[in-house]
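Report on the structure given below.
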């Protein structure tokens, strides 16, 4: 048997639709197409987004695995229609098309000048394509809409099974000074989503907007850093027993698998490497209900397991590789020097990246929860969680009393 919870996406950027399939979700989780649409609308947010976000509406259809707003326990398939499909149905048709029709289509012009930083070059060589179109269609960040759809189901499960909330905020765009204050809570999410750059701090927001404006004026693009916070996790998701069971490794792999993400850190991450051990770890003290800590430098993970503290995951997104002023490249058809192709793109997609990272973190946490607690229905999973929490409380009882 494979992993207890699996997901896969299908579809191209300008194809008929994107599809997400989530297998292994328990029965009884409340989820609707409206829930998914709301999360997809959050993905379209952000200052610096391109023209596509102004008309793409992400028409959601739940095809299977849900009945009357409740999951059934079988594979869940979600389709997200592409608004522009009528313009592309000849160029992106799955069945053969009359070559004369394709020859008359400007949209079918060969794309032979790969963009530095994109999948174009390696994809053309790896798969034997003379044209970058088949590469960029699947490599496009448009695919992340399907991940957000699957992640919406995962976050609903986490909320209903554990009371866990997953949220994100942008902490830096380009060279703007990163936000280093306390992380936001669930009540802060509406204000974050109302921010043009999904920033928690107003001063940081203004600096980020200024960076985007400057890049847009210069015909350039920007990356940045987002932080995802998960609140309410129990102790013990993940394991120390082998590398592939460590939750930090699973989270890093899932987040690094998002288009344009080039770095991941848990908690204070790289800053911890510059500290002495006495200043790097989160000391523990007896408290009213068990062990308490005054810091969370580890970001909620120790030894590959959740430790009951808020989970903090940061992801670094590189600048978008479709640069308006075009970078130097080689025309793969002629071998001549050239400038890279320019497809319609964003100046900055960091605010949207936070929503995508939320989705991937939620999927990994949902999988870890099901691996730990099992169950075929939400009610059964909850019973298992309740029993585990009682057992943990008993083990923590000496610390709760302040005794050895």
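Start at 1 and count along the chain as shown; that gives each residue its number.
Backbone N, Cα and C define each Cβ position, glycine as well.
Annotated features in Swiss-Prot:
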BINDING   43, 49  NADP(+) binding site
BINDING   138, 139, 140, 259, 260, 303, 318, 319, 320, 321, 322, 344  FMN binding site
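With respect to their backbone Cα atoms, residue 318 (FMN binding site) and residue 43 (NADP(+) binding site) stand 18 Å from each other.
Measuring Cα to Cα from residue 43 (NADP(+) binding site), none of the binding-site residues 140, 260, 320, 322 fall within 10 Å. Secondary structure from DSSP puts residue 43 (NADP(+) binding site) in a helix.
When the binding-site residues 260, 320 are compared by the number of other CB atoms within 10 angstroms of each CB, 260 has the fewest. Figure note: comparing Cβ neighbours within 10 Å for the binding-site residues 43, 138, 318, the maximum is reached by 43.
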